[in-house]
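First up is the structure itself, then whatever we jot down about it.
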Amino acid sequence: NSSVVTEFVLLGLTNTWELEVFFFFIFLLAYAAIVAGNLLIVVAVTFDSHLYSTPMYFLLGNLSFLDMCISTITTPKMVTDFLRETKTISLWGCMAQMFFLHFLGGSEMTLLIVMAVDRYTAICKPLHYTSIMNRRVLMGSVLLSWAVGFVHTMSQMVFTITLPFCGPNIVDDIFCDLPLVLKLACTDTYVLELLVIADSGLLSFICFILLLISYTIILVTVRRRSSGGLSKALSTLSAHITVVTLFFGPIIFIYAWPFSSFSVDKFLSVFYSIITPLLNPIIYTLRNQEMKAAISRL
């Protein structure tokens, strides 16, 4: 007749009041920059006819929307917790946070693969680019990315929501995530933990390797055709490769690397929920003349 857990306690980043106030202002400014930067890209792509009709920018607008949503799931809660002595989240609030994190994360993972295919088509098959990456293909690709994200999160959450939680309720992180929450269940979760590692960690690692292979094929193809085209291709792909590395790197370490200290997980959680969504609009806008021109017109 043990009591049923109705809420979880998040330990956050620190227990020092001065550091919590400092982190409050830093992360509040960071979240404001994330929303402003990504929202600006979404609005620019939506209302600029040239960007909206260009496949690369259409996909970029969707990527910015996903980044903004992922940060919104975790950062506002984290920012307000800095001013609270007890950082709690309800059981179903924790479940919802994990559901949407994996839903949007799986969608963004698939969308990055679609963006790699778009760059391959644009660079290696320029004469057929508009016919291959037409509006129907783009809309289908975006819907597919959302579908993959939904299947990805449901394959894990359908088992997680049925777990009994009746003992410890301390989550040593800034938000709820499956590997830590599963350890708090009052039952054996060994099989489910393996499922999470296989579903999230290995899938992320495989997709990351496939993306690197695709970019290598693009560069090799361009180099065989002309030496001048290689520098242009590198300039075009550098932003994509940087974003892919920033996105997949933390996920692979969180789910597939045997850390003995949760402090590393906290750092990677901050990196994934704040740093990556903040850097994406900077990487894509500051080095892209068309995007800067569209924002100026806006």
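Heads up, the Cβ atoms here are built off N, Cα and C, so glycines get one too.
Quick look at what TrEMBL lists:
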type	residues	note
DOMAIN	37-284	domain 'G-protein coupled receptors family 1 profile'
TRANSMEM	21-45	transmembrane segment
TRANSMEM	57-75	transmembrane segment
TRANSMEM	95-117	transmembrane segment
TRANSMEM	137-155	transmembrane segment
TRANSMEM	202-222	transmembrane segment
TRANSMEM	234-257	transmembrane segment
TRANSMEM	269-287	transmembrane segment
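When the stretches 21-45, 95-117, 137-155, 269-287 are ranked by Cβ pairs under 8 Å to the transmembrane segment (202-222), first place goes to 95-117. Sequence-distant contacts of the transmembrane segment (57-75) (same chain, six or more residues past either end, CB-CB distance under 8 Å): 27, 30-31, 34-35, 37-39, 41-42, 44-46, 51, 97, 100-101, 104-105, 107-108, 111-112, 114-115, 118, 138, 141-142, 145, 174-175, 243, 269, 273-274, 276-277, 280-281, 284, 290-291.
Sequence-distant contacts of the transmembrane segment (95-117) (same chain, at least 6 residues past either end, Cβ-Cβ under 8 Å): 56, 59-60, 62-63, 66-67, 69-70, 73-74, 77, 89, 141-142, 144-146, 148-153, 156-157, 160-161, 175-178, 181, 200, 203-204, 207, 210-211, 214-215, 240, 243-244, 247-248, 251.
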